[in-house]
Amino acid sequence: MFPRDARLDMYDPELAKAIAAEVRRQEDHVELIASENYCSTLVMQVQGSQLTNKYAEGYSGKRYYGGCEYVDIAEQLAIERAKKLFGADYANVQPHSGSQANQAVYFALLQPGDTILGMSLAHGGHLTHGANVNVSGKLFNAVQYGVNAQGLIDYEAVESLALEHRPKMVVAGFSAYSQKIDWARFRAIADQVGAYLLVDMAHVAGLVAAGVYPSPLPHAHVVTSTTHKTLRGPRGGIIVAQAPQEALVKKLQSIVFPGIQGGPLMHVIAAKAVAFKEALEPAFKVYQQQVVKNAKAMAGTLMLRGYKIVSGGTENHLMLVDMIGRDVSGKDAEGALGQVHITVNKNAVPDDPRSPFVTSGLRLGTPAVTTRGYQEQDCVDLAHWIADVLDAPADVTVIAAVREKVAAQCKKYPVYR
């Protein structure tokens, strides 16, 4: 019925052309978006397998459909590997995304109208931590904390807000914060007011797995994550916990299915299993150590060139460049760097006077370039080229020269050999 040698370029040339162009873009452009990475060919192979055909509502051994004996194996492998990777006693690998993992925890442990205390999006948090444009800020009474003048989380202010508002849940985690978080301090604050502590470690999950960033699992009631970003797996979500009470496990299991999702994506769950196996390899720790080394090299070079990094540096995979007071906006910078084939994203910075669609900042991250094989000197060079462009975004001579250097660097480090 379906020939294995069918060619997409023959059947749907328009789509095939777009995919081929994206493949070329990934090879020919430097990827510095902190939330992006390249997954392995094995992960892609599994995600494109016949497992996509199988419906498997429920959990391993307790399905609502027959014929699930083999996908049960795949899901159980993902669960056991996730538990081993993070030192967890519980893992749910069915969430379709990190946002849905967060949503599941909210719905499992909260009632509409309950108060949550999360990090402000404008100060480095995530949409799902209570932003008013997100369901987390619409269904719940969201109180937001931020960073101090040094760009660091103000734990005293977090504690004061918790004592004032008595949240049912404290949310820790970020999408644009470059320092280590004191998970124990967050748990102490949550305990003071009898709140749950949810940690969203989506950005640093790979670093946590490799032991190069503090693990939140000993401190949080529940931890969520994406499975891509620094974990380098397929796009998806996960919920893990260490020594959870049985009542909590039951709530989480029942809210993921049937509470907010139906059939799990078995091809994605199997791909998660592959990614977790890869993350358990010794080489993964070496990779994550290099991610941080590269980020430090890049941030240090940008600061030497006169660019401000929020919080004064980085202890993880990302950095936030603060361009308040400069003529070039985040939007302008993103466009100028795009011309030289360096892909970044504009990002709001604390106390940003510009709109979220323009911004005064850039978020940069090193997971993807480190996957390509970049070392510290490569990232020093890259940071100088970024500064060259930001110093003269309209100078066609600079743009042409940097684009040529980027092309040579990309050729030196292909993604898929």
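Please read every residue number as a count from 1 along the shown chain.
Using the three backbone atoms N, Cα and C, a Cβ is placed for every residue, glycine included.
Feature annotation from Swiss-Prot assigns (6S)-5,6,7,8-tetrahydrofolate binding site to L121, G125, H126, L127, S355, P356, F357; the stated evidence is sequence analysis. The site 'Plays an important role in substrate specificity' feature in Swiss-Prot is assigned to H228. Positions annotated as N6-(pyridoxal phosphate)lysine by Swiss-Prot, on the basis of sequence analysis: K229.
Annotated features taken from Swiss-Prot, shown on the structure.
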residue : record                                                  : contacts (Cβ under 8 Å, 6+ apart)
L121    : (6S)-5,6,7,8-tetrahydrofolate binding site              : L127, H129, A131, Q144, S175, A348
G125    : (6S)-5,6,7,8-tetrahydrofolate binding site              : G118, M119, A131, Q144, G173, F174, S175
H126    : (6S)-5,6,7,8-tetrahydrofolate binding site              : M119, G173, F174, S175, D200, A202
H228    : site 'Plays an important role in substrate specificity' : S35, E36, N37, C39, P234, R235, G236
K229    : N6-(pyridoxal phosphate)lysine                          : A34, S35, E36, N37, A202, H203, A205, G206, P367
S355    : (6S)-5,6,7,8-tetrahydrofolate binding site              : none
P356    : (6S)-5,6,7,8-tetrahydrofolate binding site              : A348
F357    : (6S)-5,6,7,8-tetrahydrofolate binding site              : K331
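Of all Cα pairs drawn from L121, G125, H126, L127, S355, P356, F357, which the record names as binding (6S)-5,6,7,8-tetrahydrofolate, the longest spans 17 Å.
In the three-state DSSP classification, H228 (site 'Plays an important role in substrate specificity') falls within coil.
Of all Cβ atoms in the protein chains displayed, 16 besides its own lie within 10 Å of the Cβ of L127 ((6S)-5,6,7,8-tetrahydrofolate binding site).
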